[in-house]
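Novice: Sharing a structure below in structure tokens format, with a few things to ask.
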Amino acid sequence: MINYLKSFFLYEIVRGMALTLKYFFKPKVTINYPYEKSPVSPRFKGEHALRRYENGEERCIACKLCEAICPAQAIVIEADEREDGSRRTTRYDIDMTKCIYCGLCQAACPVDAIVEGPNFEFASLTHTALIYDKERLLQNGDRWEQALASKLHKDYEYR
């Protein structure tokens, strides 16, 4: 009988309208995305980049720790030895469609060569555009170097 009276007086509709009025006058939390962007944490893991030293030499020493630790097996590295005995990468590919953005590659790197930068807008229409080669990763590093250095400095106390 009580259920019948509640439905007769449209109790559910009144409760729904009360809830609507409750939130109607609160400030909006929606962000108009292409024109407004929400703040990004300094520990955000975005698009990958390879960094260089100040003299322009790439940091990667071809230790392959990032390739070994990657749980998604998204990183492929090939290396050659130089005349001075040091190793440098000849091929450094990351398949961004396999990457799970866990940050283990960045944590494993002893020289901070591979980092996950602040960029999150790298959508593509083709699969091949999401397979990053060494040149693209170095371009990302050059483009985002100031932000990457700032991010690593802020994150230093947690390492």
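All residue numbers here begin at 1 and follow the chain in the order shown.
Placed from the backbone N, Cα and C atoms, the Cβ positions cover glycine too.
Summarising the annotation, Swiss-Prot assigns domain '4Fe-4S ferredoxin-type 1' to 51-80 and lists sequence analysis as the type of evidence. Residues annotated as [4Fe-4S] cluster 1 binding site in Swiss-Prot, with sequence analysis given as evidence: CYS60, CYS63, CYS66, CYS109. Residues annotated as [4Fe-4S] cluster 2 binding site in Swiss-Prot, with sequence analysis given as evidence: CYS70, CYS99, CYS102, CYS105. According to Swiss-Prot, the domain '4Fe-4S ferredoxin-type 2' annotation covers 90-119, on the basis of sequence analysis.
If you look at the structure here, what lies around each of the features I listed?
Specialist: With DSSP classes pooled into helix, strand and coil, the tally for the domain '4Fe-4S ferredoxin-type 1' (51-80) is 5 helix, 8 strand, 17 coil.
CYS60 ([4Fe-4S] cluster 1 binding site): 24 other CB atoms within 10 A of its CB, across all protein chains.
The Cβ of CYS70 ([4Fe-4S] cluster 2 binding site) lies under 8 Å from the Cβ of LEU104, CYS105, each of which sits 6+ residues away along the same chain.
In terms of DSSP secondary structure, the domain '4Fe-4S ferredoxin-type 2' (90-119) contains 5 helix, 9 strand, 16 coil.
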Novice: Would you count the other C-beta atoms found within 10 angstroms of the C-beta of CYS99 ([4Fe-4S] cluster 2 binding site) for me?
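Specialist: CYS99 ([4Fe-4S] cluster 2 binding site) is surrounded by 21 other Cβ atoms within 10 Å.
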Novice: Which chain-mates of CYS102 ([4Fe-4S] cluster 2 binding site) that are at least 6 residues away have a CB under 8 A from its CB, listed by sequence?
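Specialist: Within the chain, CYS102 ([4Fe-4S] cluster 2 binding site) has Cβ neighbours under 8 Å at LYS45, PRO71, ALA72.
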Novice: What is the total of other Cβ atoms whose distance to the Cβ of CYS66 ([4Fe-4S] cluster 1 binding site) is within 10 Å?
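Specialist: The Cβ of CYS66 ([4Fe-4S] cluster 1 binding site) has 22 Cβ neighbours within 10 Å.
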Novice: Apart from CYS60, CYS63, CYS66, CYS109, which residues in this chain have a Cβ no more than 8 Å from the mean position of the Cβ atoms of those residues at the [4Fe-4S] cluster 1 site?
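Specialist: Going along the sequence, the neighbours come out as ILE61, ALA62, LYS64, LEU65, GLU67, ILE77, CYS105, ALA108, PRO110, VAL111, ALA113, ILE114.
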